[in-house]
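J.: Heads up, here are the entries from Swiss-Prot:
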| type | residues | note |
| --- | --- | --- |
| ACT_SITE | K8 | active site |
| ACT_SITE | D134 | active site |
| BINDING | P92, V93, A94, A95, G96, M97, A98, G99, G100, S101, T102 | ATP binding site |
Amino acid sequence: MKMKAYAKINIALDAIGKREDNYHLLRMIMQTVDLYDVIDIEKSNDSNISISCNKHYVSTDERNLAYKAAVLFRDEFNIKDGVKINIKKNIPVAAGMAGGSTNAAAVLVIMNKLFNVNASLEVLKEIGLKIGADVPYCIEGGTALCEGIGEIITPLKPFENKILVVLKPNFGVSTKEVYTNLDINKIRKHVNIEGLIQAMENDDLDYVSKNMKNVLENVTLKKHTILKNIKEDMRKSGALGAMMSGSGPTVFAFFDDMLTAQRAFEFLKGKYKYSDVYITRTINSNNL
């Protein structure tokens with residue numbers, strides 16, 4: 001059984017506090033984009049969970065979130081059968097686009113159908129939260145306000161068909177490390193989430209592009225100054241606004257039209273030769 005597992009960007013990311021377990025309390029606007037991995041799962045003749053992937057640098061053992069999802073799903077519903085999971089990877093790894101989380105989300109949804117468990121999306125999201133804070137959102141997808149550590153999800157009016165160029169530099173970033181180095185007391189200006197939501201409801205891409213904000217840039221851009229150059233190059237190439245997604249290092253920019261986006265894409269691809277560059281669009285939701 002096959003399914004597309006879509007990437008996400010953060011249109012806003014704010015940290016407003018910290019829990020006793022050191023997880024940050026967040027307010028984020030998440031958005032699905034039309035860049036996806038393909039997850040294919042079939043039952044196996046034994047009780048093993050095996051993972052294969054078209055990219056050699058993706059771990060295929062218990063470190064992979066898709067593997068963790070399969071283990072948790074089997075434990076939760078007392079399933080003995082094994083599964084073979086194939087991941088066709090297109091979403092960049094360690095990029096701040098929820099590549100691992102969206103794979104885990106797809107595994108839960110597929111196994112729910114494959115084994116005729118018929119668990120509700122809410123139950124799947126509860127299992128997903130044990131894997132990672134982005135997994136519940138990845139199960140739901142679309143345009144959403146995510147709060148708590150990311151598990152409190154309020155769907156928003158779809159902000160679809162917005163053109164963006166996405167650039168993932170040729171290095172990864174540790175999400176854990178970024179959050180460890182984030183000092184909430186040093187955040188001078190918090191994100192105007194309500195203003196952004198209002199603008200998105202009014203389909204005001206210009207306001208959104210100029211006012212989107214990610215407080216994790218304070219950490220990641222300090223360590224990787226090339227990201228500032230990428231943002232500046234995107235703006236010079238005609239972007240309405242550019243920002244880092246999640247903990248980074250991926251940077252994305254919104255564009256008014258496809259021609260400008262195409263030119264920016266060509267320029268960025270030429271300048272940042274060892275980076276992954278994509279043109280994509282925001283989409284309404286997953287096809288879960």
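Every residue, even glycine, has its Cβ placed from backbone N, Cα and C.
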J.: Would you say which of the binding-site residues P92, G100 has the most Cβ atoms within 10 Å of its own Cβ?
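T.: Its Cβ has the most other Cβ atoms within 10 Å: G100.
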J.: How long is the line from the C-alpha of G96 (ATP binding site) to the C-alpha of D134 (active site), rounded to the nearest angstrom?
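T.: Roughly 10 Å, rounded to the nearest whole number.
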J.: Would you list the other residues of this chain near ATP - those whose C-beta lies within 8 angstroms of the C-beta centroid of P92, V93, A94, A95, G96, M97, A98, G99, G100, S101, T102 - in sequence order?
T.: A7, I91, G246
J.: For D134 (active site), which residues in the same chain are close in space, meaning a Cβ under 8 Å from its Cβ, but six or more apart along the sequence?
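T.: Correct list: K8, A98, S101, T102, G150.
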J.: Counting only residues 6+ away in sequence within the same chain, which have a CB under 8 Å from the CB of A94 (ATP binding site)?
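T.: Spatial neighbours, sequence-distant, of A94 (ATP binding site): G172, V173, S174.
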J.: According to DSSP, which of helix, strand or coil covers T102 (ATP binding site)?
T.: helix
J.: So, in DSSP terms, is D134 (active site) helix, strand, or coil?
T.: coil
